[in-house]
Amino acid sequence: MRTAYSVETVRAAERELMARLPDGALMQRAAAGLAAACADLIGRVYGSRVVLLVGSGDNGGDALYAGARLARRGAAVAAVLLAPERVHAGGLAALLRAGGRVVGTGADAGSTAGAAAAAGVGAVEEAILRADLVVDGIVGIGGKGGLRPDAAQLVVLVAESGAPVVAVDLPSGVDADTGEVRGAAIRADLTVTFGTHKPGLLIDPAREYAGSVRFVDIGLGEVLPAEAELEALQHVDVARLLPVPGAESDKYRRGVVGIAAGSARYPGAAVLAVSGALRGGAGAVRYVGPAGGAVVSRFPETLVSDQGPAKAGRVQAWVVGPGAGDDAATVAEVLDADVPVLIDADGLRLAERDVVRARSAPTLMTPHAGEAAALLGVAREEVERARLASVRELASRYGATVLLKGSTTLVLDSAGGAVRVNATGTPWLATAGSGDVLSGLAGSLLASGLSALDAGSAAAYLHGLAGRFAADGAPAGAHDVAEAIPGAWRDVRD
Ligand SMILES: NC(=O)C1=CN([C@@H]2O[C@H](COP(=O)(O)OP(=O)(O)OC[C@H]3O[C@@H](n4cnc5c(N)ncnc54)[C@H](O)[C@@H]3O)[C@@H](O)[C@H]2O)[C@@H](O)CC1
Ligand SMILES: Nc1ncnc2c1ncn2[C@@H]1O[C@H](COP(=O)(O)OP(=O)(O)O)[C@@H](O)[C@H]1O
Ligand SMILES: [K+]
């Protein structure tokens, strides 16, 4: 399991650890890891031109000490100081001792203040445009709000230069706790993060700014609390969750999943939800709705009923909503069942909030950003900008487990706890019907006995992986994703 901790938690852990260690030890660990990562990225350190963007906090200190290490290995290192009067003094001294220099600030004694400033800006621009590597030490976990104008200007220059960028701890300008980005932010090729991942490194839009992320262990693990703010499952975690039939299993014991989906207008949604459900571990799939003909002709193993959900026969979990159109009665009937229910697509619009809240069996809601926005009464962009806040708000309003889909998929249990973030997806999954496959798959895992949180996060994991396998660099349809699920399942179990 990969975990991420909030700034507040990291600060507390750092205080505890620092109290046991000599002064500056943590920063030296961070700087050593950072310098090594920079060296790996540029390949040849000797003779390379490295520019450090140095803010007034410890993030700048990390950059300066790492710069000193690179300078000792023969790099030409220039530091741009955003606030020379508040720069990390020890870091700056180390850089200067190692042969590094400062560009841009306090330039050219003797000239007028205006000319000096102009000369400074010119020198900074030139250094950044000619750099082989830019190290972003503007702000780390101490960043507050959007970047200030002088820092934002540097962001523009760095983007123009096209030089590879290594961000120290976090790309400056992104919110460490939420993954939100307000205004200008550094786009890094690599982010070297210390002690633990921060939520922002795993959640879009910030995740995209981070590039690849390299973790440097500074010993924080031993003082971090057991429960993280965010967790990302890995193969081993998902393998432990997946149901495996035993000698005594039969189709009923493995669980029966009911799919109440599709309409005359959208029969395909029913077929796709069933295609996911058949690959999700339940022993049988029951279909209820007007698309029975289409479902059986594609998947003859489906148990089809033309009665409503209440009369369809026993199931261990329901999926309701994909392609359901305006059939509110079916949604209400499913919500009345005393088994776990997954609500997706049209079902999210049709489900009464008070009814969902009052359910005693688990409920898993699986909106995409547009559906989440409609439920919350905000614009879609607002959800995409603030995914973590959105998933929390939805779970609390509905008293349900919520899986928020999109470029970052987040799952939060109705009872709270760590938010699960799925890292396996691919933008190729943004294809019509792929959400229907996911809801069938998650419903099937629910029926086989997983909790709503585990079913949702294991399904997102397998679905993301299946999307990768199906697409493999070329467009794939939702049915291809469903067909790739068994391969993803095997990959996880192996
Ligand atoms: N505390 C520790 O034990 C360790 C901290 N480390 C580094 O220290 C960083 C945190 O250092 P700090 O707490 O000094 O904070 P930062 O260096 O992240 O930022 C604080 C400084 O940035 C300025 N600032 C804040 N918001 C800004 C904005 N929007 N635009 C421009 N400037 C802004 C503030 O004036 C403040 O001086 C970590 O991210 C990490 O890089 C590492 O050295 C590892 C050890
Ligand atoms: N940019 C993206 N990167 C990764 N996964 C994505 C992206 N966009 C969408 N997805 C995934 O694709 C699926 C789309 O589901 P959904 O929006 O419900 O589609 P539909 O309604 O057509 O079935 C979800 O699992 C979602 O997480
Ligand atoms: K930074």
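Note that Cβ sites are derived from N, Cα and C of the backbone, with glycine treated the same way.
Just so you know, TrEMBL annotations never went through curation; they're auto-generated.
Just so it is clear, the model here is predicted, and its values are computed rather than measured.
Pulled from TrEMBL, these are the features on record:
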BINDING   58-62, 140-146, Asp169, Ala269, Gly323, His368, Asp436  (6S)-NADPHX binding site
BINDING   Asn59, Asp136, Ser172  K(+) binding site
BINDING   Lys405, Gly406, Ser407, Thr408, Thr409, Gly435  AMP binding site
DOMAIN    10-226  domain 'YjeF N-terminal'
DOMAIN    234-492  domain 'YjeF C-terminal'
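Annotated features taken from TrEMBL, shown on the structure.
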residue: Asn59; record: K(+) binding site; DSSP (3 states): helix
residue: Asp136; record: K(+) binding site; DSSP (3 states): strand
residue: Ile141; record: (6S)-NADPHX binding site; DSSP (3 states): coil
residue: Ser172; record: K(+) binding site; DSSP (3 states): coil
residue: Lys405; record: AMP binding site; DSSP (3 states): coil
residue: Gly435; record: AMP binding site; DSSP (3 states): helix
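Counting neighbouring Cβ atoms within 10 Å of each of the binding-site residues (Lys144, His368, Lys405), the lowest count belongs to Lys144. Ligand 1 lies within reach of none of the binding-site residues His368, Lys405, Gly406, Thr408, Gly435, judged by a C-beta closer than 6 angstroms to any of its atoms.
Proximity of the binding-site residues (Asp136, Asp169, Lys405, Gly435) to ligand 2: a Cβ under 6 Å from the molecule is found for Lys405, Gly435. Same-chain residues at least 6 positions away in sequence with a Cβ under 8 Å from that of Asp58 ((6S)-NADPHX binding site) are, in sequence order, Met27, His88, Gly140, Gly142. By the rule that a residue counts when its Cβ sits under 6 Å from some atom of ligand 3, the binding-site residues Asn59, Asp136, Lys144, Ser172, Gly406 yield Asn59, Asp136, Ser172. The binding-site residues considered are Asn59, Thr408; of these, Thr408 has the fewest other C-beta atoms within 10 angstroms of its C-beta. Classification of His368 ((6S)-NADPHX binding site) by DSSP places it in coil, neither helical nor stranded. For Ser172 (K(+) binding site), the nearest neighbour among the listed binding-site residues (Gly61, Lys144, His368, Ser407, Thr409), judged by C-alpha distance, is Lys144. Using a 10 angstroms CA-CA radius around Ile141 ((6S)-NADPHX binding site), the binding-site residues that qualify from Asn59, Lys405, Gly406, Gly435 are Asn59.
Other residues of the chain with a Cβ within 8 Å of the Cβ centroid of Asn59, Asp136, Ser172, the K(+) site, are Leu53, Gly55, Gly60, Ala63, Gly137, Ile138, Val139, Gly140, Gly143, Ala167, Val168, Asp169, Leu170, Pro171, Ile186. Note on the domain 'YjeF N-terminal' (10-226): mean pLDDT across this stretch is 94.
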